[in-house]
Each structure stands twice: as C-alpha cells, then as structure tokens.
C-alpha cells in the first residue's frame, strides 16, 4: 500500500508534508488540491517530515491537503515515437496537451508521452534460444530516419533466454513482442517501451572511450579553431542577444550526428516558439526530409514553473543516453543552463541551506559536473559505438564570465565557445571570441597551422589596441600589414553567414581548402609603398575571398575567383 501524508507547510513551490510510512529520496508524489493531483518530488527527508518540490504552481494548496506517494522515482518512458515530439520537462506531449487544454496549460494534467495506438513495423534480429542481457537488441522499427532498436530494458540485471518472440509485423508499444526467462525459470514479458529514472545514468555498455573523433558542425570557427569531439562537452556562454540560440540552431541543423535533442530550459517563450515553427520547415541536409524527423524538443519556458526546469535537463540527457545505446551519435543542446542553476538557487533558498557565491547553492559545481559527465562515447555490448555530445549555453548577467555558473561549467567542459558583446555589436557572427575561447579536442585542420593563424589574431588585436592610442601613423608598415592580415582572417574565415544557403554550412573538405588559401596569404610577404596601398590591396583580397565563400565549391565562378586571387597575390608578393 502506498504511503500517505498531509501538507503542513507551503513556501512557494516547496511543500512540507507529514508522512505516515516509509518514503525515499526523489520519490514522486501527488498533492491533492481542488480536485487536482499536482506532481511533486521529494528533495529532503527529516524524521516524519518531508520537503517536496512541486512541478506546478502551488496556488490553492493549503495545510491539511492529502498527499499520496507513488513509491517510484521520476522517470521517462523510452520507446519508439520520441523523435518529432515536443515535450515539457515532465515528458508531457505539448501538442496533445494543447488539444486537450487549449492554449493555456492546466495544472495537474499529465498525459502519456508515447502514442499507445500507433503501430510500428517490427523486424526481429534475434531468435528463440538466444541468451540476452539488459540493452541487447531484439529487433528494430524505423522511426523517421533512425533504426530504432528494441532493447531488453536497462533495469534487467541477469542474463535471460528468449523463449518467445513475435514474427515481423505491425505492433503497438504496449503489445508483447518477446518473452524472456531467467535462470530460476521466471518469465518476463517484453514490450517496445519501458521506464527509466531520469537522475540515474544508463550504464549498459562495455567501456567508455576518450572522445577523439571531431563532431563536424560545418561552422568554420568551431571546426578549425575550437573543435568539439563526438562524446565531448562544450559550453556557449555569452550576454543576451549575442547569438547563442541562433548558433545552437545552426549547430543542430548541420552537425554530423544522427539525433538532436534540444532542452530549452528557462528560455524566453518567443525563442522556443521560433524553434517550434522553424524546425518542421527546415530540411535535413543529410536526408532531404524535415529536420524534426531526427529531433526531440523538451521545453520549459521561463513562464513555466521553476521546478520543472531541472527535470527538463535530466529528461533530455536520459533520452539522449537511450538513443546512444542504439549505437547512434547524439547531440544534446541545453539552452540555457543558467536558468536551471537559478531554479536550483531558488530551491536552495527555500530549503534554507547555507548559500555559496552569489547565493547559488554550495554544491552547484558538483551538480553541473554530474550533468556534463553523462556525455561520452561508449562501446556497447555488441561492439557498436554510440556517443552523446552535450553543449550547454550559459547566460551570465552582463556577459560576465567570472560568475559562478560559467566558472563551474568551464571546469568540466572540453571546449569553451565564448560569445562577446563586442563582436556581436560589430555584427561579427558567429560572435565567438577567437582570443578568449579554447578547446581540448583535435580539429579537422593541422594544429600547427591553426596556432600560426591564431598568433596573427593575437598580434593583430595588440596592434589594434595600440592604434587606438597612437593612430595609424604611429605604427610601422609591417605592423599595419599584420593588423590587416588578422582582419582578413577574421572577416573571410571566422565570420560566417548563417542565412546564406552556401555559406551557412561548410564541409571539412572546403574548410581545409579555404584555410590553405588564407594561410598562404598570412605566410606571404608583401611590399607596399604606404599604408593606403596596403589597405586597398588587402580589401581587394578580402572581397575576392568573401565572393568565394558565397559561391558553390569548385564551380566555374569559384574557380574564376580563385584564379584572380592567385594573380593578385603573385603581383604583390616579395620573392
């Protein structure tokens, strides 16, 4: 029989409950008020009193309201039908909620995440008599562009023998597709879906590998200078309006992955609506179909209850780990982890815990680390390799990278793509600072070349600061040429037009080709009589390179521009 209790105190979305019976941490419970059941989660136990965070608005909850505990942790349902869906943080399908409740979400309405009536064409890959363990494949269904493997549930701890398996055909997620038997002779029915607690990492794999293979984003500044590896982690901190959301959307569109999961936790509703409107209309460059076919969106806007933000981050990473277990490459984009940290700060304050820096909880670093540590590249039991790459945007107030959430994130990620107000105001997009950003991963271009090019950016910035004080006349022609070359590298290679059909996504082959051209310009010595002549020449080169960026790779126009560029360089270079 489930444990019962009653409300003895309410403080915002924190409810204190007096319980009669046993309760466990993170257990889900329902507060019964005004004819509705409001979902909540146990976050602290003190004797016979329990503190729970409610995932809904707590308006109307009063002392004496009855509470029922479920004896279950907060879980997600895993199975075919997750892709193309838009969920809230508790995995309620928002399109279904809209049909049922209208434009405004009602409290206490919880729907099943997966469609129980839809039939999936199941093709078996195992047979009666096979010995299986948790995470092994029984067969697959086609979900959008993905071979969705039907697996033995991850919570099964022993080895089992398949005693029954259905023939190929159409089945719903609740229909029995196999029966497995353990060593004691007990039989277990297997369906296409099962539940898994969101705060428990999925560990049904043979070993974890060190991320080394680059995950191509087709954004030049990232792939060349600050690469991300498959199974790696990266963060995108930046002030408001610097282009974090656009950069994440471009990455999700062009990244070399099989499935994209977007966790919009605490973002403005307008940005989430933009994502929901754009994604179904965008074409996946790899398949020619809608981008939504390989995307799952979990959104908790800033207007939704605070507690559900935390749940949305864990829901997203659990779904990512589930698809990783199929041997797929997953990209999870969390936008923005600052809002999630603010939700933790709010709960910590209500629990009257000793605050850390800027009133964030003292355990902020360990919570952020435990989230990013769930990224990784793994070898599955059958030898396949799957990965989850995690990218979190951070919204520090005023673009201050010294604040606690950014600092806690920097300690655990493998790449840092810092967006700056200075670059976004100058309309240099993506506004990733080439001087402040870094990456620990290997990119698509030789590291010696990129370090040489980056040294030009550093020198160019120093000369630019000097020119602000003494003017152009106060520096030598050689220094002025270094400054012009650094500006050429910035405008022709680091900057990219996300709204141009050709320049929005640049293949690794084209990146190598264009970088070699720019690298040769940086290495070449030129001689000019004065600064005006130098500026005119570099501007001519810049225009030529920009035109090449907007031309199809190696077509007639591209080749013509490249030939003209070569003649210009040969005309002015010092032999």
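Even glycines carry a Cβ here, placed using N, Cα and C.
Pulled from Swiss-Prot, these are the features on record:
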BINDING   238, 239, 240, 241, 242, 243, 244, 245  ATP binding site
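For the recorded ATP site, residues 238, 239, 240, 241, 242, 243, 244, 245 set the reference point as the centre of their Cβ atoms, and the other residues of that chain within 8 Å of it by Cβ are 395, 419, 424, 431.
Neighbour density for residue 238 (ATP binding site): within 10 A of its CB lie 29 other CB atoms from the protein chains shown. Residue density at residue 242 (ATP binding site): 27 other Cβ atoms are found within 10 A of its Cβ, drawing on all protein chains shown.
Around residue 245 (ATP binding site), the same-chain residues six or more apart in sequence whose CB sits under 8 Å from its CB are 267, 271, 275, 335, 393, listed in sequence order.
Listed in sequence order, 236, 238, 335, 336, 393, 395, 419 are the same-chain residues six or more apart from residue 244 (ATP binding site) with CB atoms under 8 A from its CB.
In the three-state DSSP classification, residue 239 (ATP binding site) falls within coil. Neighbour list (residue 240 (ATP binding site), Cβ cut-off 8 Å, at least 6 residues apart, same chain): 395.
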